[in-house]
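This report concerns only the one structure given below.
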Amino acid sequence: MAGMAPEGSQFDAKNYDSKMQELLSQGETEEFFTSYDEVHESFDDMGLQENLLRGIYAYGFEKPSAIQQRGIVPFCKGLDVIQQAQSGTGKTATFCSGILQQLDYGLVECQALVLAPTRELAQQIEKVMRALGDYLGVKVHACVGGTSVREDQRILASGVHVVVGTPGRVFDIVRRQSLRPDNIKMFVLDEADEMLSRGFKDQIYDIFQLLPGKIQVGVFSATMPPEALEITRKFMNKPVRILVKRDELTLEGIKQFYVNVEKEEWKLDTLCDLYETLAITQSVIFVNTRRKVDWLTDKMRGRDHTVSATHGDMDQNTRDIIMREFRSGSSRVLITTDLLARGIDVQQVSLVINYDLPTQPENYQHRIGRSGRFGRKGVAINFVTREDERMLFDIQKFYNVVIEELPANVADLL
């Protein structure tokens, strides 16, 4: 069960929590971090290897995003780093670049371990790592649940430079000694807030206990709740913090609108009207339950709209096929839930529709960060019933943004 310490764990949650609470209550949080403000406005100014630069440009990056301008170099210097930035700003490429710069490619042993909260996100990181490291000959493998342990063991035995995975599977393969931690010199927690909210704290702690004493740690997160700050105290040595303040989390480059739909029953007609009005390359529609994913998919197909759908009740193989079709563009509309929001990284997504507003303001950025990725323009449209008005207000307050009513000329925005 997630959140339970695995068998043989030395983790004492009660003691750990009380110790962390004591540290946090001492008001020393600010002194624990040093900030890093050096800015590099071009990838060429970062001192990166030529073949890494080739991979970065081939992937489609032209100019580093705000987090990349400040975050790649300290990671390349071997510093422990805490980096907070919204989804869609290139956090993944930040730590991938830092790892790829520091690997010893002559040593085909695991030198970097990256943990992510979901299979989809782990597999996405694997793809980015492989693409950026294409000219370096990097060997990377994703170890995730729902796949063959034997296949993991075979690939790891043949030698890899980087392992990306979910906490449960990674702990399992380290415990089985299929992944030898002796040469691991970099440890990254991606979407740390999400991993902690899913109850992975114990497993993260247990994995860390098995790693070499001298190791570089990177914590990357869209939000930084108290539990994430706690874990940084436990694992990190004089970390530098690169923080995008909440008033900067404005999801720059994404135009955000709402549509007043009054009643739940009116949403479907509103959605179909939008699709008839707009020329959409690719879009993601978010709803709040798995059952609603299935319901909306049936309704849209019944009205002759081609849509695909994915949610947590589907087996991994089916989800992979659907995501592959969506990435390739053979399917242009994807209906899904928050569960998979962070694993969707499709460059062409120009529109996100919140058919249901998220139940937590924090999830809003994970959803709409799917559009306008890496500086491309994107549009987010929120369907708002009378019951949703409070949540819309909370979202605007949380991100310090004004979400305006959808204008009549919406077709010109896409």
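Every residue number used here counts from 1 along the chain in the order it is shown.
Yeah, the Cβs are placed from backbone N, Cα and C, and that goes for glycine too.
Taken straight from Swiss-Prot:
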MOTIF     41-69  motif 'Q motif'
DOMAIN    72-242  domain 'Helicase ATP-binding'
BINDING   Ala85, Gln86, Ser87, Gly88, Thr89, Gly90, Lys91, Thr92  ATP binding site
DOMAIN    253-414  domain 'Helicase C-terminal'
Integer mean pLDDT for the domain 'Helicase ATP-binding' (72-242):
90
Over the span of the motif 'Q motif' (41-69), count residues by DSSP class, listing helix, strand and coil in order.
17 helix, 0 strand, 12 coil
According to DSSP, which of helix, strand or coil covers Thr92 (ATP binding site)?
helix
